[in-house]
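To keep things clear, I will list the structure first and then write my remarks on it.
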Amino acid sequence: MVGCWFFTSGPVSLSAKIERKGYCNGEAIPIYAEIENCSSRLIVPKAAIFQTQTYLASGKTKTFRQMVANVRGNHIASGSTDTWNGKTLKIPPVSPSILDCCIIRVEYSLAVYIHIPGAKKLMIEMPLVIGTIPCIGFSSRNSSITSQFSMDMSWLALTMPEHPEAPPNYADVVSEEEFSRHVPAYPPPIDCEEQLCCPVFAYIQEFRFQPPPLYSEIDPHPTEVEEIQPVSFML
């Protein structure tokens, strides 16, 4: 932004800019400015951060404006120029900007101005947004994400046993007394004819607490494996 005052002895010009609009508490704002004094007066360049609080209630508005931080440059004599190549202005601990509330607003601005004796200040005011999360470059975000996921994942390497253990013996788990107590005694059938004439019942109780088959590492009923004969191809 550029500003200029004209006097009878000559003009006073000011141009200023900043890198971005958003900052956080504790950050330093680098200010780039060029000041040219063609007048006969001694001028002093300055910069300041202003906080504007606006309260809205019952159709009325009340505004407070105060300076929260400032910095001062060197005196510039008549016919001289000065340049700010990143002159820093640190942001003090202040409340963040409030821009989307219907009853209160907190706004900030950076003003670069020149104090001219006997005349109004030549001022350039740029809006600021004070937030809570500092701005970090894209590469820094990638490195932080990578560091978060570079944790020890060795606990995922589960080792399986080489040979599975055999199941426990059934006699060690179910005693004969418990077996006889839960399994009632059924009379054996007299002959096949009598068994067929009787109604058929599902004697489920006979199969309760029956021991499982013996564990064996060798399959007692192996399947027949067909011999695979090599096949040759003619090219």
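The backbone N, Cα and C atoms fix where each Cβ goes, glycine too.
Given the structure is predicted, the values throughout are model-derived calculations rather than measurements.
Across the domain 'Arrestin C-terminal-like' (8-135), the DSSP tally of helix, strand and coil residues reads 0 helix, 84 strand, 44 coil. As annotated by TrEMBL, domain 'Arrestin C-terminal-like' applies to 8-135.
Taken together, the residues of the domain 'Arrestin C-terminal-like' (8-135) have an average pLDDT of 90.
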